[in-house]
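Pulled from TrEMBL:
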- Asp47: active site, proton acceptor (ACT_SITE)
- Glu197: active site, proton donor (ACT_SITE)
- 293-421: domain 'CBM6' (DOMAIN)
Amino acid sequence: MRNSGIPADFIKSASSNPIVTTLFAADPSAHVWEDGKVYIYASRDMDPARGCDLMDRYHVYSSEDMANWVDEGEILRSDDVSWGRPEGGFMWAPDCAYKNGTYYFYYPHPSGSNWNDSWKIGVATSRHPATGFVDKGFIEGLGGFAMIDPCVFVDEDGRAYMYYGGGGKCEGGELGDDMMSIRGGMRPMEGLEDFHEAAWIFKRNGLYYLTYADNLDNNNRMRYAVSRHPLGPWDYKGIFLEPTGCSTTHGSVAEFKGRWYLFYHNQDISGQGNLRSMCVDELHFEDDGSIRTVVQTKEGVRSTGSAPVPAADAVTYAPVSGSSAGGLAEAGAYAQFERIDGGRGGRAALYIRYATDERLGKLRLTVNGADESLLNFPSGGGASDFSGRASVTVRLQPGTDNVVRLTGGQGDVRLESLTVVLLDD
C-alpha cells in the first residue's frame, strides 16, 4: 500500500467542513486521476485579506478516502507567468485536465495592467498531477473581457472542451489536440438562466451537466442545466445549492469510488467573504437525472474506505528556541524549529500539534527566513489540550540546515511539536 504522507496521529476517521483549515483556499476544482486519488486545484485567498485582485497563487490538495487531505503544495504563482500582468495578482478560479500522459493546468490571468480587458487563459503542464508544472503561455485568439473561470472537460471519446465566462457571459468550444488551441472558435452556451460565472461541466449516464453561479446579490447560488451534447443547447433545470453565507459561490462535481460529491467554498472560519474555505458534501440525483438540493453540513462526508497508511519516514521536532511554552499571544513571540532535514530538497509537509482556546488563532510561518504565509489555528480542546492539528506544505533546501519559525501576536497558540514528511524523496 502507498505511503499517504500523513503522520499516524494526524489521520482522521471522518471528515468535517471546511476540509482545509490551515490556509484559506477557494474555487475548488476536483478531479479523480489514474492514481486513484481525488485532487483539488484551488485558488488562494491571501491573509490578511487583500481582496480578489491580489490573489496570486494556486494550491493542490489530494485525498484517497475523502476524510484525510494532503496539502500537495503550491504549483504556480503570478511570478512564474512570463506573459502576465506586471503587477501580478488576479489569479482566479483554475482547472486541470489530463490527456495522453500530460496534466494541463488552466488558469485566468490578465496580461496587462488594465486587467479587466486583458484576460487570458494560461496553461501550465506537467507529467505529475501536483508538482512540476511549467508555464506554457496562453491560449491564443480568445477575447479579453471577463474571460475567467476556465473549465476543461475531456469526454469519453478523448475530445476535450473548454468553457469560461464571467459577467453574465458563458462560452464553450472544442480544444485542439494540443490542448492549447480552440478548434472552430468559442460560442455562447444557450439556454442558461441567470448565469454569472463559475461554469463546471460533468457527465453522468450520457447526460452533460453545466453548473454555475447565479447573480443573487451577495449570496450567489449554484444552478444547473443539462444537454445531450457537450456544447448545448442547454435545458435549464434549477438551483441545487443555496447560498453558503459567502457572497460568491464556486464549485465542482466529481464521482469518487461510486459516490458523487459537490465541492464548494464558504466563509465559516473567517467570517469574511474574501477569506474562504473549501467544503464537500454528497450530491444525490433523482431517477430522472435531476440534482437534489445539496445539504450543507458541518460533518462533511464519510470516509470512502480504510484509513490511509501512515507516513513511514515522518520526523518530529521540538521547538529549540522562542516562547512556545508560554504561548504565542504577544507580538514578536515565536517558536523556532532548527536543523530540519530537507533530504534532497523539495516539497515537505509540515504537521503542527497545537493547543488554543481562541476561536481562531494565527501564526506567521517563515522557512529559512522567507515569509511563507499566515497560518490558521482554529479552536481545539483548550489552552492545555494539544489535540489541535494544522498542516501546510512548503519547499525545503537540501540537507539539515532548514529552519522553520512560527511567530505569534494574533491569539494565544501553544505549540507542542512539528512533524516533517518529505513528499519528493
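Note that Cβ sites are derived from N, Cα and C of the backbone, with glycine treated the same way.
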Mean of the pLDDT scores, which run from 0 to 100, over the domain 'CBM6' (293-421): 93
Secondary structure at Asp47 (active site, proton acceptor), reduced by DSSP to three states: coil
Pairwise Cα distance for the residue listed as 'active site, proton donor'/Asp47 (active site, proton acceptor) [Å, integer]: 24
Active-site residues compared (Asp47, Glu197) - highest count of Cβ atoms within 10 Å: Glu197
Counts of helix, strand and coil residues, the domain 'CBM6' (293-421), according to DSSP: 3 helix, 69 strand, 57 coil
